[in-house]
Amino acid sequence: MADASICLYTDKTSYQVTCTEDQGIKPGMLEKHAIMELHKATAPKKVPSKLQHKRNEEDIKMSSNLVGSEEGDSQQLSCSCGEEQAKNKSKKKRLKGNLVKKDEGECGPELQFFFNLSFAFLFTASKESLPQSNKDKGTKGGRGSRKQLFEQYMCTEDVSAGLERGELMKGVLRINPKKYMEAFVPSPDGSADIFLDGIAARNRALNGDVVVVKVLPPEQWKVLYQNAVGGDLNERTLASQMVPKAPDVIVEAHYNEDDEVIGKMKNVSLHDKGNELLLQVVFIFEQKHSRAASGFLKFLPNKNFAMFSPVDHRIPRVNLPLADCPADFVSRPGDYENTLFICRITHWPADNNFAEGRLAKTLGQAGEIEPETEGIMTEYDVDFSEFSEEVLNCLPQDLPWSIPAHELSRRRDLRKECVFTIDPATARDLDDALSCKQLSDGNFEVGVHIADVSYFVEDGSVLDQIAGKRATSVYLVQKVIPMLPRLLCEELCSLNPLTDRLTFSVIWKLSPEGKILSEWFGRTVICSCIKMSYDHAQSMIEAPDKHFSAEELPPCSPNHRIHEIQEAILDLHNIAKQLRAQRFEGGALQLNQLKLSFTLDKESSMPQGCYVYQYQDSNKLVEEFMLLANMAAAHQIYRTYPELAILRRHPPPQSKMVDDLQEFCDQMGLDIDFNSSGGLHRSLNENLGNDVYAAARREVLTHTCSRAMQMASYFCTGALKDENSFHHYALNVPLYTHFTSPIRRYVDVIVHRLLAASLSDLSIEEVHKLASHCNDRKTASKRVQESSSELFFAVFVKECGPLDSEAMVVGVLDQSFDVLVLRYGVQKRIYCNGLKAVHFRKVGKRPEMTLVWEQGDPSKESTQQVYQISIFTLLDVQLKADGAPMKYSAVLKRPSAYV
């Protein structure tokens, strides 16, 4: 006698149902019946779920009868399923079981949606679709006779009711950039993402939009085959050119929407023998995508419109008026084949595969840096316009500016202290400085001093509004799009050397082991004595006994000796090592990824060289104290404003993805601990060897593990009820925020205002919207920075290629494999059918492939060379430009003995 037991826990209620095989129940079916009983027992009584639809002409006969006596909260329950419940099932079945409702409380909409998914999952023989609304806010008149290609949008009233009942779900749509027919939204139970198959299922929503979805009927569910093992990696450079100063890029693993998760890793928990439940968009809750794109024009004979084809295939093709096109486009369309344009979508009718739009701008020739860069920024809605006179009038008009006497009197004066900055050599916006001096008791006074941007950016001013809208500076390879006017970024706020500057400081008394003995927050004034680069600081760390001359360093204040600065840097380095060790012993995780940097021609800004940035001890020194300051600020504002604090959370990885990664690592013989952030960090640093290629293996596995991570995000503490959800997974700390970069991040400006108790009266909802907007802009900025790096590397390959390098295999598919190009830190795919004189075959289900090279010279004796391709395999590859602009490919080099 078999049985099945299922438990489900919510914040207020926990349910358990145990089902026992009575007669005719096939093995493996009891769990489905248990889920069904659980759904029935907890479904709303007054409003039946629309997912409980009929099966063709015959109803699915269900009854839930309470029988017997109650013992506590336990109730007996039985279920009878009709004879025609499913195809090829003729025997009548009965199921008996025991349902225990452990705690009182009602299930919320997200849990109800999960129940509805479970219920829909049971009835795979259903033939009818869900009820549809007759209203479509996107459909205009005049096209009534044309076939409807997209489902009509539901009206807002039905959407609100469906969300409340749990029949519908809201989430952010992500579209696979390499397979634009595939899209997904997060599962409500947090286990994994759920699939949307095809353009019709997306229903005119674009990448990043907040959408409302329903579950499609089970007969439309899709079988997803696992034809790739080890993951399907994206073709992009791993990082932007700009070296990040802020630790969020370094320590937080951002969930990558570009990964081809669908069909590659095992999918969401609600599946049966490969059947994947599918969703469909029924309403666009919020348009997050800019509806702008760069692309090309195509002339259509005998039409009164032209066709616009976006570079990004996730965006639909657009019909636009011929009047928008260049004057000679109709007579000479060939002249514009390689010209980039900007188009904005204005409307997408429900009866047309193509959207409608207007041509906004002619950019220039495809493949050139400036037109391509402007196209990238426009698509991600980056405001790169010059600041208006109204904004500039908010700044001090009497220059050179000096600190007013009354402001000096309000601040702690640190101008005589040995304070200095450590930044990239090319940095012009210096927003943080450090100080350190040993006390008579052997402890240290350590200060982190941050530019006081909030002094100049008055709350509610026009300047404040534009800074809030931009939310972040955007760092391209060749330039920076600043959040604030350059007069502020590079002069009034920047902590330039030998200049009095207003700051917000946190000062600790620390033991030599890094233990915090006391802490002080407040507004200060400093005068930095020297502008150090990371390389300058690294030289002092590597040569602690060397006496540096004035010629070896930047100009220094006459009030401080070079030896004094070197001593402070060495003390900070030693304390930072202690702090770092304590962080990782306490369970922190660091997922470093390669940073691609370029050397540019001073006149043309064209790339002349390319290299992987080396992360040094001087970077770690700054990182540790910025992290310490951010954590201190988080605790300070949360104590003062428990409902209005703006913090940064990092949820734990998706459980389903973690399970799949664990299975993959076990299959590869890798001893990786996914039970905690600290366990994962130790595994990545202890189990991959210590030879010359250990770092490459670590990078391969880091990228694989990053796919399971969720994105870190800002939030308002009053918007989340559970304080445990404030936790930052990667740092393994309860509270974290951003305080140290107000010149380039608007969130930091808000945190400064909270610390100074100068924030105007804002509601929880307003702070929540502000946090959400900053999340959107931070994500867009990250995408733009990555795209800029990809652009410059493609130009570098075209101008300086072909480029040879060793590469390491990071993923194996059926007819191709992905490699990490070690010299440049980029990942590319190599297609086996593109290799000459080679045969290939997969090796079972493991991520392995056999390549067999045939003899190149037919006059010689026939011989073969066999390559075993698996994760971590080292190969020689060549990068070379393709014919299309911005495209380059990786080619596996033929073994030298067989050339």
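The backbone N, Cα and C atoms fix where each Cβ goes, glycine too.
Please treat TrEMBL annotations as automatic predictions, because they have not gone through curation.
The following features are taken from TrEMBL:
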REGION    64-83  region 'Disordered'
DOMAIN    411-761  domain 'RNB'
BINDING   D423, D432  Mg(2+) binding site
SITE      D431  site 'Important for catalytic activity'
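Neighbour density at the Cβ, taken as the number of other Cβ atoms within 10 Å, is lowest among the recorded positions D423, D431, D432 for D423. Residue pair D431 (site 'Important for catalytic activity') / D423 (Mg(2+) binding site) shows a Cα separation of 9 Å. DSSP gives D431 (site 'Important for catalytic activity') a coil state; it is part of no helix or strand. If you average pLDDT over the domain 'RNB' (411-761) in this model, you get 93.
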